[in-house]
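Quick look at what TrEMBL annotates:
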DOMAIN    143-275  domain 'EamA'
TRANSMEM  6-25  transmembrane segment
TRANSMEM  37-56  transmembrane segment
TRANSMEM  62-81  transmembrane segment
TRANSMEM  88-109  transmembrane segment
TRANSMEM  115-134  transmembrane segment
TRANSMEM  172-191  transmembrane segment
TRANSMEM  203-224  transmembrane segment
TRANSMEM  236-253  transmembrane segment
TRANSMEM  259-277  transmembrane segment
Amino acid sequence: MSAPETASVLIVSSGFLHAIVNSLLKAGKDKLSGRALIDGFSALLVAPLALVTPFPTGAWNWLALAWVVRLFYLVSLVNAFQHLDLLVAYPIARGVAPLLAAAAAVAFFNEPISGAVLCGALLVSFGILAIGGARGVDRRALGWSLLNGGCVALYTVIDAQGVRAAPSAESYIVWTFIGLGCGVSAVFALWRGPAFLVAAVEQWRPGLVAGALSVLSYGAALAAFRLGATPRLASLRESSILFATLIAVVFLGERLTRARAFGIGAIAAGAATLLFLR
């Protein structure tokens, strides 16, 4: 395969793995403890690399900021998954991130509003309204999903700055996983108290699998971005929305109504448009 073809396979694989990780979290009974296990196992799996990867001292401020934002990201993710179907929470969060990134580019960096940006923004907005406006959707939980998407957009910008400031991309990535895993596991475990031990016994297997898949998903995405054009690959990454939809319907038994199908399709198309054609 050529480099662009390899990059495409890697980025779609990354999206597929990311959808599986979120599906495993959604399927768990105790989602807060489940997320602690996922990030804890991710940290354990990359910990040996810390022996040969120096701490990115030049990027410590970006790293610390990324840890904080990711903590809010995970709190919002858990709260959204506790009250919303995967078919609702996941597409909205994934669609909001490129929408906010495009809005920030226009508002703060004076990027012109092209037809592609306007079209993508309208598609994502209509998709969110179609899903969020349906009957039975918890509006408060919908807010958590929107916040989750905002956190994704924010830590993406922070990571871009952090990787540039770090001595190597590898050092920033390894210590992101280690710091986040240790911090999230400790905070969420203390938050849950004794219930965490019960959940750990019941959910450690899916937690281990999801933790390993998280590392593989991130690694596949990074490898892809080294081989191909970022805008095109970023748009392909939104294939995770379609994978999550399939998993939610087939394995989680969630209902794919007409409103949800329209909304998911609009968000996926809009996000891809914003990322690829902006």
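Cβ from N, Cα, C; glycine included.
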In the same chain, which residue numbers or ranges, 6 or more beyond the ends of the transmembrane segment (236-253), come under 8 angstroms Cβ to Cβ?
8, 11-12, 14-16, 18-20, 22-23, 26-27, 85-87, 90-91, 94-95, 98, 221, 264, 267-268, 271-272, 275
Do the transmembrane segment (6-25) and the transmembrane segment (203-224) come close, with at least three CB pairs under 8 A (pairs 6 or more apart in sequence)?
yes
With the transmembrane segment (172-191) as the reference, find which of 62-81, 88-109, 259-277 contributes the most Cβ pairs under 8 Å.
62-81
The predicted model's mean pLDDT over the domain 'EamA' (143-275) is 89
Sequence-remote partners of the transmembrane segment (37-56) [C-beta within less than 8 Å, at least six residues beyond its ends]
21, 24-25, 63, 74, 162, 165-168, 170-172, 174-175, 177-178, 180-182, 184-185, 199-200, 203-204, 207-208, 210-212, 214-215
